[in-house]
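The structure under discussion appears below in the form of structure tokens.
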Amino acid sequence: MKNIFHKCFAALFAATILFSASSCSESPSTSPTPEPVASDGGKLRLEFDNVVGDKNLVLNGVTYKNASGEDFIVTKFNYFISNIKLTKADGSIFTVPQDSSYFLIKEDTKASQFVTLNNVPVGDYTAVEFMVGVDSLRNTSPIEKRQGVLDPSGSMMEDGMYWAWNSGYIFVKLEGSSSKGNPVNGKFYYHIGLFGGYNERTVNNTRIIKVNFGTLKAPVTLSQTPEVHFLVDVLKVFDGAATNIKIAEYNSIMGGQPEKSQQIANNYLNMFTLDHIH
Amino acid sequence: MKKIPSIIFILLSFWGCKEPVKEELEPVKTGPTPLAWVKPAGFPEPIYDLSRNPLTEEGVQLGKFLFYDGILSRTNLIGCGTCHQQAAAFTHHGHELSHGVEDRLGVRNSPAIQNMAWNKSFFWDGGVHDMDLVPFNPIENPVEMDEKVTSVIEKLRKTPNAASKIPVDYPKMFKEAFGTEEINSERMMKALSQFMMTMVSATSKYDYYRSGDANAFTTQEKDGLVLFQKNCSSCHEGVLFTDYSFRNNGLMPMRNNDLGRGAITGNASDEHKFKVPSLRNVGLTAPYMHDGRYHSLEEVLDHYTDSVQKMPTLDPLLIQPNGKTGIPLSSRDKQALIAFLRTLSDDQFIRDAKLSDPGIGNAF
């Protein structure tokens with residue numbers, strides 16, 4: 001009791017209402033880690049708009065066709081975006097702090113497709129870089145560093161993005177059905193992970209995406225939040241420069257086929273295109 | 001006039017400070033009681049970082065209940081202790097392969113839970129590198145507990161449940177261990193790790209011999225030790241009796257062609273390799289090998305003398321200079337080796353009440 005009184009009276013003497021209010025609101029009951037102070041904090045939003053070629057992606061309904069002429073319906077499309085860096089017109093780079101730089105984009109959850117970056121220094125941005133997947137450092141971090149979308153508790157049968165038996169995150173999860181799907185239920189399952197291995201080198205399916213805004217720019221001001229709108233093309237998961245993945249040949253690609261999963265990773269490297277900035 | 005703003009100030013300050021005042025009035029809790037973790041003499045430094053998860057009496061107690069409670073499984077019947085039973089050095093005695101929910105059979109033999117603090121990786125294939133991430137695997141494996149960790153957390157939050165064998169109040173136990181009633185995966189796994197850190201086996205007959213009591217061993221056991229050092233200790237190394245490496249010891253693959261380490265790394269050179277197990281308590285943990293194919297230590301040694309299969313990834317240490325596979329041992333050697341291996345049984349460990357089922361578990 002006494003301490004609090006002292007604190008309040010001290011605040012009273014310290015001139016402004018604003019100060020006294022803010023000092024008291026920082027009660028010991030708030031979280032132990034202080035919120036970073038938004039010194040020159042603007043915001044920038046990245047939108048990940050999932051599409052199939054020139055069509056919008058609709059889950060569980062619309063039939064699409066890949067370059068191999070195979071029909072398919074998408075039932076699930078989730079992926080991790082992490083390690084975001086923004087480049088200013090003057091060439092300086094703003095790196096989103098590690099702990100705030102992991103996002104799980106899920107087609108069935110609209111809100112997840114809008115990634116809002118806070119405390120972005122004011123300025124005109126001309127390029128963005130991010131990783132598809134979760135870097136090896138975070139893949140081997142202690143459990144206290146695995147909060148929120150990185151919590152390993154998620155179920156594999158649902159939206160889980162973590163392999164419990166071969167510890168590591170799934171970076172991209174694409175599931176659907178097709179006349180070329182597996183003979184049991186007609187489905188195909190692509191769960192792409194593998195971060196390079198804990199103490200022995202394995203395939204690394206993280207991919208760095210760099211998108212230059214070209215003639216466009218994203219002006220961050222204290223009042224204005226530019227939105228960088230990406231199209232993310234499911235077709236590119238199948239159809240790549242080097243390899244077309246055929247559902248008829250591979251109705252399941254997971255951790256057990258590292259080389260095949262690597263081909264998909266090489267494909268999804270190219271699934272992002274900048275549509276517009278507003 | 002001057003006084004009015006001051007009053008506003010005071011009122012505002014009071015209003016702003018209402019929450020902390022309330023907080024302050026709550027009785028002061030002393031928090032969980034620290035528990036010292038003691039490294040046995042002659043053991044190496046632990047791998048597990050205890051500074052990130054310091055042991056407390058309450059944390060270990062919570063971990064023990066979680067370890068034995070079937071609430072971790074979909075059927076609420078299978079706990080960790082179901083397949084890791086204390087009397088068998090926390091293995092599933094008599095089971096080549098363990099059965100989980102609804103008697104679903106697994107593909108591997110249940111490994112001993114002991115001396116986990118020194119493990120560099122976990123499971124026969126080393127697929128998990130961190131103790132705190134281990135429980136996710138059996139909980140979510142469809143042939144083990146077949147449950148979601150998110151569901152376990154939901155179930156724990158709803159305790160005490162009058163229908164349980166013992167109506168454990170988990171929110172209260174989490175509060176005692178971690179300060180608040182919040183139950184999340186980090187706290188759950190850290191409590192389980194705390195308990196498993198206390199599962200240290202270092203009081204076998206061998207340990208008494210090792211610490212200077214030469215009379216602890218018979219002549220045969222001493223002979224066995226010499227043979228062991230010559231023939232076995234390059235893999236079953238040091239005071240923990242393993243070098244934690246992955247090796248192919250020449251077992252003919254079974255029908256499921258378990259690739260072991262190879263399925264984790266995706267490297268052909270790792271196929272059919274499995275982790276070298278510690279031999280502590282090996283006299284208590286039959287059946288043996290990753291698939292439980294051998295039922296006695298005699299059969300295990302017969303494998304090493306007579307049936308090591310030549311395969312591309314067979315460990316070079318199991319190829320003799322004359323090109324034959326395996327380790328040459330006479331039947332007298334084998335008897336001495338087995339006598340030595342039985343000195344690694346730790347009665348104190350398997351009877352330690354602190355590690356025992358508090359009455360909540362199920363064994364099948």
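Positions of Cβ are set from backbone N, Cα and C atoms, glycine also.
Keep in mind the model is a prediction, meaning the values are calculated, not measured.
Feature annotation from TrEMBL assigns heme c 1 binding site to B:CYS80, B:CYS83, B:HIS84. According to TrEMBL, the feature domain 'Cytochrome c' maps to B:219-345. Annotation comment: TrEMBL describes B:CYS232, B:CYS235, B:HIS236 as heme c 2 binding site.
For B:CYS80 (heme c 1 binding site), the nearest neighbour among the binding-site residues B:CYS232, B:CYS235, B:HIS236, judged by Cα separation, is B:HIS236. In sequence order, B:THR91, B:HIS92, B:HIS95, B:SER98, B:GLY100, B:SER110, B:PRO138, B:GLU144 constitute the residues six or more apart from B:CYS83 (heme c 1 binding site) in its chain with CB-CB distances below 8 Å. In this structure, of the binding-site residues B:HIS84, B:HIS236, the smallest number of CB atoms within 10 A of the CB marks B:HIS236. Sequence-distant contacts of B:CYS235 (heme c 2 binding site), defined as residues of its own chain at least six apart whose C-beta falls under 8 angstroms from its C-beta, comprise B:THR242, B:ASP243, B:SER245, B:ARG247, B:VAL276, B:ASP315, B:LEU317. With respect to Cβ neighbours within 10 Å, the binding-site residues B:CYS80, B:CYS232 differ, and B:CYS232 shows the lowest count. Listed in sequence order, the residues B:PHE67, B:GLY79, B:GLY81, B:THR82, B:GLN85, B:PHE90, B:HIS92, B:SER98, B:SER110, B:ILE113, B:PRO138 complete the 8 Å Cβ shell around the heme c 1 site centroid, once B:CYS80, B:CYS83, B:HIS84 themselves are left out.
B:CYS232 (heme c 2 binding site) sits 26 Å from B:HIS84 (heme c 1 binding site), counting Cα to Cα. Other than B:CYS232, B:CYS235, B:HIS236, the residues of this chain whose Cβ falls within 8 Å of the Cβ centroid of the heme c 2 site are, in sequence order, B:PHE228, B:ASN231, B:SER233, B:SER234, B:GLU237, B:PHE241, B:THR242, B:ASP243, B:VAL276, B:LEU279.
DSSP classifies B:CYS80 (heme c 1 binding site) as helix under the three-state reduction. Under DSSP, the residues of the domain 'Cytochrome c' (B:219-345) split into helix, strand and coil as follows: 49 helix, 12 strand, 66 coil. B:HIS84 (heme c 1 binding site) sits 22 Å from B:HIS236 (heme c 2 binding site), counting Cα to Cα.
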